[in-house]
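Working notes for the structure below.
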Amino acid sequence: MSYRDNIRNFSIIAHIDHGKSTLADRLLEATESVAQREMSQQLLDNMDLERERGITIKARAVKLDYRAEDGQVYTLNLIDTPGHVDFSYEVSRSLAACEGAILVVDATQGIEAQTLANTYLALEHDLEILPVINKIDLPSADVERVGKEIENFIGIDASEAPAVSAKMGTNIEAVLRQIVKLIPPPQGDEGAPLQALIFDSFYDSYKGVIVYIRVKEGEVRPGQRIRMMATGAEFDVVEVGYLRATQMEKCDRLRAGEVGYLTASIKNVQDTQVGDTVTTAENGAAEPLHGYRQVQPMVFSGLYPADGAKYNDLRDALEKLKLNDASLSFEAETSAALGFGFRCGFLGLLHMEVIQERLEREFNMDLVTTAPSVVYKVELTDGTAKVIDNPMDYPDPATIAQAYEPFVNASIFSPSEYVGNIMELCQEKRGVFKNMEYVDENRVDIRYELPLNEIIYDFFDTLKSRTRGYASLDYELSGYQPSKLVKLDILLNGEVVDALSFIVHTDKAYARARRMTEKLKEHIPRQMFEVPIQAAVGGKIIARETVRALRKDVLAKCYGGDITRKKKLLEKQKEGKKRMRQLGSVEVPQEAFMAVLKLDSDS
Amino acid sequence: MEDRPLGMYLHIPFCRRKCNYCAFYSAPAGEAAWEGYADALCRHIALWGERLGRRAVDTVYFGGGTPSLLWRQLPRVLAELGRCFQLDTGAEISLEANPGTVGREELRALRQAGFNRLSLGVQSAVEGELRALGRLHTAAEAMACVEAAREAGFANLSLDFMLGLPGQSEESLERMEDFVRRAAPQHLSAYILKVEAGTPFGEMGEALRLPDDDTAADLYESCVARLSALGYGQYEVSNFALPGFACRHNEKYWSLEEYLGIGPAAHSLLGGTRFFYPADRAAFVGGGLEQLQREGTPDWEEYAMLRLRTAAGLDTGRAGLPDGLLERARPFEKPGLLYIEGPVIRLTPKGFLVSTPLIAEILYG
């Protein structure tokens, strides 16, 4: 009998809010991995943001010791995965480190878009899928219906699926029993050349990068010289160990089938790309594990410090975040309107929001951001090609032979009564209908091909509002298609504000120009002069609004010789000017830049 | 050092009833409180007289509240002032009064005690507006009071009006103009209503139905034009006077001349320092000068701000002012918000209307 026979490596996959993290917490408790007093809610989501939003952003892993009914102790390696479409590549790498996955489905909601997307991912990796029906404590729970949905729509047997309440701690033991019973132990040969899959990494200021690995073949131990097969970087292993719920536990070696960490005085997470294979420098593996790819940002946005003097602080903050986030990219950018800042690349909108929020919360940065842009490709008349992630770089239309924009395959799950609304929305967003399937009598899975550009403009919010919150969305990039694109410029008082330019499909230009000028009018306060707001495509004005001149802002009377109030007003004005961006002769509050990002959300 | 004569402000924190818009330090109280308060004023005047060595005073201003309520007490307060300070023979001695609180006899007594300028809170010539404001008099009573003041011998009369009142229109201004023609005061103040938190108006919020900014601005501009046509020149954001009748006491505030304020919440500028009494009547009545609170030293920004609120304007050539004021002001000349004459910047009525941001523009760019 091998040491591997008592190991089970698994993930938990679920649609957002179906109870993934709560179930993980219960498993930790049930295996006494965490003392009750250390139990803060949702231990694995330890960023404030993750807890607040109920999402997992970073993958985590934890080794649990489970004494089964047969008296044997099993090692359960739980690998928690990010739960959002932005991080689907990271999810796939976490899944690749496992032999099984627990599929958590909410007994009141049934299958959702991400349930399916994650299940497909797990099936691609040949994982044993263990359905668990959660939230049976809620009055509207319907275990039987949800079990049928899983069987009929996903096609996996749910007759044995434990019905649990992670919140109340009901029936957790059944889940543990099934993990041992149904998930196969890992394969691998500890004598073979080392192949270890990196599924995440963290920067620690004492130990350097802590690399989370699943050893597939061979073994890794301190003192070995290792090589990252994709990046070619080499290091000497300092420490290896297991990941416990509340600390790291050093060990002598990690063998094939095991999950743990290694440190090797690595300075930079760029050297430990998720999905890369760790092997030994000498007598290493001939081939890396398959599935690695370099992560490409999908969404770009300009980030500027509200106070220009904080430029260096922003750079330092971005560098610190990048220590832990290899998928974040940034480079210096200059805008006539906003001054010095950074063009940042993100995996998606959620990733962008998370980075912005972390900059604001953890680094106290006050930011002005420009509208997110996807990556366009253009072929120029001179035969060259160009990749555009910044509207400021969009070439003169006369020099463009053909422009291309990225599309996604989107899957939308919804009660069937909203099919009409969803199709209408997708048509508005230039979607192409692909397919529709019934999940059960009342719910459908609608497939559309949609431009990514349309999705990053609040598609999700609109979808939610038009389906009373019932629809769920998942998508993956499908490739580039020819498109008719134009660059829309915004002029204030006759001058182009570069930071407000964006690229838009020709058919959408007029509508968006109108919305943009209206929205700006709402947010630009009346000033001493009349301020025309214009939207232009290639020099032609297609929309116009006017902010009329301010008429009245005066303190008529203060009591006698008490000028404190006048003085305070003066100081308030002075302070207020700092919140304003001076664009030519026009003062624009920073909120105006933010407001135009949410252009469609209240339309 | 030869000190210039001092301006003197005396605060009377009493009124018959708090008006719906008023946020000044004032409250109703009985006559016994008035007596005690007058005693306290006399005591503080004496303390200051001692400290300042009977310094010369050329303007005195009794403000409130409703000072005219204390018509019995004020003569002895003024007498104490004359005893402890050297009151110029030509001193401007103003008293704020509310129509309906004083009649001919009371006004005669006040005039005889030495008051020579009366500022009457008329506020509006439209009955509905007066009621909405919570005033205790009618327009007719206000006119009767004007006549009584004339008969009592007040030759320098000022009337207060308010602009931007709920529902106010051009018609309201016509009534005001008629009132002014008949009353023929030497001086007028016209204040745009500012709704203050903690007042009944402040509580009403949207229900107050104030005119929007454009309408209020129109009313203000119309008021300036009407008063100008009647010969009242604008000399500050909210103040108008026949030639030679600008309020000398107020002008001290706006040119950083020295003034001493006595009474709770009264502010002073003396010896290069600003200070004030806390807004606490009991502390004032029970205590002495130890309660004064310092609030700093005037700076160029304060000076420039106050000057730009006057029609005489800011002389940018004055020592202590930074460069660049004229350059920053210049773009606002064409849209008619100000004039530049040599080194002097003068705001127009349009400019006064937006003076809060406009002054910040000129000062900070």
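Glycine is treated like the rest: Cβ placed from N, Cα and C.
Feature annotations, reproduced from TrEMBL:
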- A:5-187: domain 'Tr-type G' (DOMAIN)
- A:Asp17, A:His18, A:Gly19, A:Lys20, A:Ser21, A:Thr22, A:Asn134, A:Lys135, A:Ile136, A:Asp137: GTP binding site (BINDING)
Go through A:Ser21, A:Asn134, the listed binding-site residues, and name the one with the sparsest Cβ surroundings, counting other Cβ atoms within 10 Å.
A:Ser21
What is the Cβ neighbour count of A:Asp17 (GTP binding site) at a 10 Å cut-off, with all protein chains included?
18
Using a 10 Å radius around its CB, how many other CB atoms surround A:Ile136 (GTP binding site)?
21
Pop the mean pLDDT for the domain 'Tr-type G' (A:5-187) in here, whole number is fine.
84
If you draw a 10 Å sphere around the Cβ of A:Gly19 (GTP binding site), how many other Cβ atoms fall inside it, taking every protein chain shown into account?
24
